[in-house]
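Copied from TrEMBL, the annotated features are:
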type	residues	note
ACT_SITE	291	active site, nucleophile
BINDING	159, 183, 186, 187, 391	NAD(+) binding site
DOMAIN	22-485	domain 'Aldehyde dehydrogenase'
Ligand code: NAD
């Protein structure tokens, strides 16, 4: 890959990628993309129109004719090549990611790895796409199920995982024989350009993967388009709900992964130091901008004071700064407007009389242009407070105190979200109760972020997920394929 450090004088001018070519958007609207650590404008992204979507969809529809008939072994081989190219460019991709998203280089390296694992899973398409047969379902009659691609798929992705989330979608969709139109977040459009470029270097025919940059017009263009058969969406709850309802209304299959408010329950019998390590990573890693961030700790029993003191002590050790610097452990938020919103939540917490144990505002670097905020911790948070209810999506941790595991699970289950939950304990019985009663899709025991790997579904529930089949794993294969049954008798 060419140079991967961007600046005001070395800006990336993003284009759309349609039918195998980089093309300008039909309209002239462009948006600036700042590096969240410096405020410097490092890219310009087109805010495309529905006409751009039409061009991309018609190219994908045309390509579907031959791509869907290309042997699955050939499609899989392209994924092997893609895996190799991504691996070779691991470091460069992570450097781009840090510059456009702000997360630390270490987090970015981890995210790139997670993305590569999705491609590795997709490369297993010949096995994944197998149907099933049952001979002799009646006298002389055999029956079997065959899988086929669904057609043109639209993918809409968020800013917080610009590598991993697009790779949840297009490799698996494409290897199953579909063609794809990707609409990445307009706040982090740079990596998508490189992901698409490397995909084509791997030998993908033109029109199979198209990229249309922009915002809601592009999203609506995909949701309403007659020739788009399926929509994969990842983003915030209100938009996920809107996408789900609109796409379904237009007769499409849709999976929409949404926001979260994940609880970590710390039991009195847990290893406190290890629990604190996990909590710090899960609450403040990627500046709390993760759908699997643990933004609420429920401290059970008389360990609460000691736990809170240890969390504060560990948070004091975090180094706020540019994610490219080796010593940085807490990067900036994505935009100034997001930081303003988060500051509003900190004020809400104070007004509601939660105890501000650590005030990240002392690290607000007013004299620098990056969107920094230090780790912020509230104790004595209760379920009526806004800081408990809403997804803040920032390094702001709420601590709730509970007397028992029953009470802790009850609190966590009151959230309207149900993405993930973690328990820190040494009791098998507590784990069993947690697994049985905790209403969240992705559970963890003594692990900081229980995000499943690419071969398992990414399984939120309640307002964290709209749809039936989740992203990744066999769910992903089912989502990107349609089934045909063949019942046959030969005379
Ligand atoms: P977002 O909802 O603002 O944007 C997501 C996508 O939707 C973007 O491509 C954006 O352009 C588009 N969009 C935004 N507003 C729209 C509108 N009004 N109409 C049509 N399209 C619109 O989300 P974000 O801030 O980029 O990402 C963070 C959110 O994503 C958080 O809520 C996080 O929890 C969630 N997320 C969830 C998962 C999961 O697996 N459940 C994973 C990653 C992120």
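Including glycine, each Cβ sits where the backbone N, Cα and C put it.
Remember, TrEMBL labels are computer predictions, not curated facts.
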**Spatial neighbours of residue 291 (active site, nucleophile) among the binding-site residues 183, 186, 187 [C-alpha, 10 Å]** = none
**Prompt:** Helix, strand or coil at residue 291 (active site, nucleophile), per DSSP?
**Reply:** coil
**Set of same-chain residues at least 6 away whose C-beta sits under 8 angstroms from residue 187 (NAD(+) binding site)** = 33, 100, 159, 334, 335
**Item:** Same chain, 6+ residues apart, C-beta under 8 Å of the C-beta of residue 186 (NAD(+) binding site), given in sequence order
**Value:** 31, 33, 45, 47, 213, 214, 215
**Prompt:** CB neighbours of residue 291 (active site, nucleophile) within 10 A?
**Reply:** 28
**Request:** Using a 10 Å cut-off, grab the number of neighbouring Cβ atoms around the Cβ of residue 159 (NAD(+) binding site), all chains included.
**Result:** 21
**Asked** Listed NAD(+)-binding residues 159, 183, 186, 187, 391 - what's their greatest C-alpha to C-alpha distance in Å?
**Response** 24
**Request:** Check residue 186 (NAD(+) binding site) against DSSP and tell me helix, strand or coil, would you?
**Result:** coil
**Message:** Across the domain 'Aldehyde dehydrogenase' (22-485), what does the mean pLDDT come to, as a whole number?
**Reply:** 97
**Chain-internal residues, separated by at least six, CB under 8 A from residue 183 (NAD(+) binding site)** = 154, 155, 156, 157, 212, 213, 214, 218, 219, 222
**Fill in**
Row residue 391 (NAD(+) binding site), column other C-beta within 10 angstroms, all chains, value 22
